């Protein structure tokens, strides 16, 4: 059989990472990425890129932990390499603070991040509104540089990239053997997934180089995440809101909430407002599917619906999706050898 042709639809962090994992596990493949938008115009470009997992209610915890561990291990290795700066990946320490005692004393990811421990009384004095907290060190991806780094890696392995809106997976069946759907919120229309919904996130990117530690309110709504060049202040979680227009009232609210956690942010400069639609569902859709139409079969692998936690698990889910592509290739080779008999 000729080298299998794989099309990956979507060029956010999940699409690019999935394409890279496919090339690593199936180097004989020909992989093409098709996307209406590439960086800097993807939802991933708006994300803060902090590795602090969000829980998917319908995914077993041990699976989520495996995805997170694989992602953390992969990015940690990059952060310790000469490529760390170009890839925009660095370690950042800080605090998650709570006004009320959290339901779980130890989150499932506490032994994956570094140095997880309860905050000391001295540390808590910085947060008079909060009664407890957790201190740890995790990884932060500055998203646009990381996406460009992934694109560079992909081009080096021969992956083709085209700007194209795919309206129906069937339009690809003549040219490709396997379609990998990493369309994010676009899957709502592309495959008619009614379980997928947007959670609108508005964030501010500001210049405040003196802020070195992350601070996250325990409810996850208010956060301060220092990047290499800018700090991300957030945020919002507006379910089923499709608007990509920044809301000035929301901007003021985010800024005020973040200043109450870190008063020195009053001096922040060059405030930019960004909006993204997190592709959310009760669980990530990570599965093989065989579509058929008039006796023609189309092999599809889905990897989308990561919501607010995409960066925390992107490498883990990409590896699993690449394994599913491997299964599709084995099935194709089996059917082609069967046809010769």
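Note that Cβ sites are derived from N, Cα and C of the backbone, with glycine treated the same way.
As recorded in TrEMBL:
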type	residues	note
BINDING	43, 44, 166	FAD binding site
BINDING	223, 278	D-dopa binding site
DOMAIN	5-323	domain 'FAD dependent oxidoreductase'
SIGNAL	1-19	signal peptide
* **Distant-in-sequence Cβ neighbours of residue 166 (FAD binding site), under 8 Å, six or more positions away** => 9, 34, 36, 172, 183, 190
* Among the FAD-binding set 43, 44, 166, as the record gives it, the longest Cα-Cα distance in Å -> 19
* Structure fact -> residue 223 (D-dopa binding site) has its Cβ surrounded, within 10 angstroms, by a count of other Cβ atoms equal to 24
* Asked: Just how many other Cβ atoms lie inside 10 Å of the Cβ on residue 44 (FAD binding site)?
  -> 30
* Structure fact -> For the domain 'FAD dependent oxidoreductase' (5-323), the averaged pLDDT of the predicted model is 96
* Asked: To the nearest whole angstrom, what is the C-alpha distance linking residue 43 (FAD binding site) and residue 223 (D-dopa binding site)?
  -> 18
* Asked: Non-local Cβ contacts of residue 278 (D-dopa binding site) (under 8 Å, 6 or more apart, same chain)?
  -> 43, 185, 198, 199, 200, 201, 306, 307, 308, 310
* Asked: At the level of the C-alpha atoms, what whole-angstrom distance separates residue 223 (D-dopa binding site) and residue 44 (FAD binding site)?
  -> 17
* Structure fact -> Across every protein chain in view, the count of C-beta atoms other than its own within 10 A of the C-beta of residue 43 (FAD binding site) is 25
